[in-house]
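Asks: Input: one structure, supplied below.
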Amino acid sequence: MNAALFIIFGFFILSMYLGISAKKGKDMNLEQWTVGGRGFGTLFLFLLLAGEIYTTFTFLGASSWAYGNGAPALYVLAYLSLGYVLFYWILPKIWKYAKEHNLLSQSDFYARKYESPYLGVLVAVIGVVSMIPYTVIQLKGLGIIVSEASYGSISPAAAVWIGAITVTVYVMSSGIHGSAWTAVIKDIMILGICIFIGIYLPLHYYGGFQPMFEAIHAANPAFLKLPDKGFGISWFISTVLLTVLGMVAWPHSFSATFSGKSENVFRKNAIVSPLYALLLLFVFFVGFAAIQQVPGLKGPDADLALLKLTIQTFDPWLVGLIGAAGLLTALVPGSMLLMASAATLSKNVYSVFVPTASDQQVAKLAKYLVPVLSLISVYFTFNGGNTIVTLLLMAYSFVTQLVPALLASFMKNQFVTKQGAAAGMSAGVILVAYITITKSTIGTLFPILPQAVKDMNVGIVGLFVNVAMMVVVSLLTRNSAASSNLKDQSQSA
Amino acid sequence: MKIKLIALSFVPFIGMLGFLPWVNKVEPFVLGMPFLFFWFVLWVALTSGVLAILYKFDPATREGDPK
């Protein structure tokens, strides 16, 4: 047993222990289980939200973008800090409404705001279809990190099973309390490791940051700025704005939001969080340092840039710590995703169609759905192939389609109707699916437009159609609702 | 007051994204980073600052905490 393996197992047992013991002294009803009894203060909430946002994908993805694409990688830093400006305004509102109406899931929110349980079902389905591929990508990332960091002595398949089992056990026993406690060690480790390797590697290989960037710049003068075509300025701005909207729409972020204990928790959290996003800068530094040290990683292999460079540089015990951090980075969001999916399927789908189900039955079903969803995710991790990649590309665009109806629901006089909300979401989702499957871009859809417009993120099209449908259908259904009201009045008069 | 606070919220967006055509360059290096990178780091820090100012002047924060 090498040192790396020893450390990874140590953290695996620690996270399991913390996850299970987190439920101590709490009666695990559905409210405790999914939203922690709405009792989390600023620190726990910060860790939970950070735990969800900084996933294995952020880690491997951010370094791989820096390694493969250079400056366009900055979009991750931009949206992660700007997203909190939106969070500042909207999370307190969502929290307040959820608290007043005892909501437990994202679909509860839509179902209540639009007074339509079936809109809740639609939101639940869109949410779960988006969350499963997101869970799969966590498990895939976990497999890669743990197997690389254990020098191949744990196979990716074994790592995926270990991760899936851990997550299932502690989600079933402690729900969101388990996620919060794992997030505590996860964030300490991530912070320490990223800053250390992000500073050490450029110093070690190049003698400093500036020499590193100068070397990259000399080799490829176009690499450290946004290009004129493709990932250019218009792509950058449109992608950042879309992703900022998408950040607020993930169902598991909603659950995390409901777990706060007051409105101010979110405002305070929003102030600190952009600074925390600077962590990504260090991840970028590692990606840049890897360019000349582990050259030639192409396509999906670019995701290995960070790991390959650290393995080449450090002793096994440090590599083991990185592997353990990778394990935890997958476990925290993985657990939130599984829990949110299970809770929403049980509460917003099952109990709509089986209205006689008691609260206890719904809570029980939610817990038993966890291992089922976990197995489905493991299945797709091993057998998903290209389908899952396509699904993942769609997932972020899918949840973004939930945003217009969310924002509209906060308007003073509620202009958007439930039919309008449903029509907008459905149209957006179908269009996004079509665009992703056919690999369309704005350029292929509208070839006559200028380059700057062509390079914009194609998700804009889905959102635009969504809003248009939402407004038109709302106008139509509002009028008919109003006129039938009039008819009722004239009949009664 | 609320309008002013909402207007202030747009400052980070405009600052970070609105000047891209002019700041999209590698030189001069600042703090060891290409200029574009420095620009983003600067605005990420300023975003925190803007949110702190919002928090200070936002009347909602005083009624927000129970007890």
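One is the number of the first residue shown, and numbering goes on along the chain from there.
Even glycines carry a Cβ here, placed using N, Cα and C.
Found this in TrEMBL, in case it helps:
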TRANSMEM  A:43-67  transmembrane segment
TRANSMEM  A:73-91  transmembrane segment
TRANSMEM  A:118-137  transmembrane segment
TRANSMEM  A:149-172  transmembrane segment
TRANSMEM  A:184-203  transmembrane segment
TRANSMEM  A:231-250  transmembrane segment
TRANSMEM  A:271-291  transmembrane segment
TRANSMEM  A:317-345  transmembrane segment
TRANSMEM  A:365-382  transmembrane segment
TRANSMEM  A:388-408  transmembrane segment
TRANSMEM  A:420-437  transmembrane segment
TRANSMEM  A:457-477  transmembrane segment
Asks: Do the transmembrane segment (A:457-477) and the transmembrane segment (A:317-345) share at least 3 Cβ pairs closer than 8 Å, excluding pairs fewer than 6 residues apart in sequence?
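Replies: The answer is no, given that the two segments have fewer than 3 Cβ pairs within the 8 Å cut-off.
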Asks: Please determine whether the transmembrane segment (A:365-382) and the transmembrane segment (A:420-437) are in contact (criterion: at least three Cβ-Cβ distances under 8 Å, sequence separation 6 or more).
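Replies: When sequence-distant Cβ pairs are counted, the transmembrane segment (A:420-437) does not touch the transmembrane segment (A:365-382), since fewer than 3 lie under 8 Å.
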Asks: Can you name the far-off residues of the same chain, 6+ from the ends of the transmembrane segment (A:73-91), with a Cβ under 8 Å from a Cβ of it?
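Replies: Cβ under 8 Å, 6 or more out: 53, 58, 61-62, 65-66, 236, 239-240, 243-245, 247-248, 257, 260, 266-267, 269-271, 273-274, 277-278, 280-281, 284, 287, 407, 410.
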Asks: Quick test of the contact rule: Cβ under 8 Å, at least six residues beyond the ends. What residues does that give for the transmembrane segment (A:43-67)?
Replies: 36, 73, 76, 80, 137-138, 141-142, 144-145, 176, 179-180, 182-184, 186-187, 190, 247, 250, 252-253, 256, 259-260, 265-266, 269, 272-273, 276, 279-280, 283-288, 290-291, 297, 302-307, 326, 329-330, 332-333, 336
Asks: How about long-range neighbours of the transmembrane segment (A:231-250): same chain, 6 or more residues beyond its ends, C-beta under 8 Å?
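Replies: For the transmembrane segment (A:231-250), the far contacts come to 52-53, 69, 72, 74-75, 78-80, 82-83, 86-87, 90-91, 130-131, 134, 396-397, 399-400, 402-403, 406, 452-453, 455-457, 459-460, 463.
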Asks: So which of A:118-137, A:271-291, A:317-345 has the most C-beta pairs under 8 Å when paired with the transmembrane segment (A:184-203)?
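Replies: Looking only at A:118-137, A:271-291, A:317-345, the most contacts with the transmembrane segment (A:184-203) come from A:271-291.
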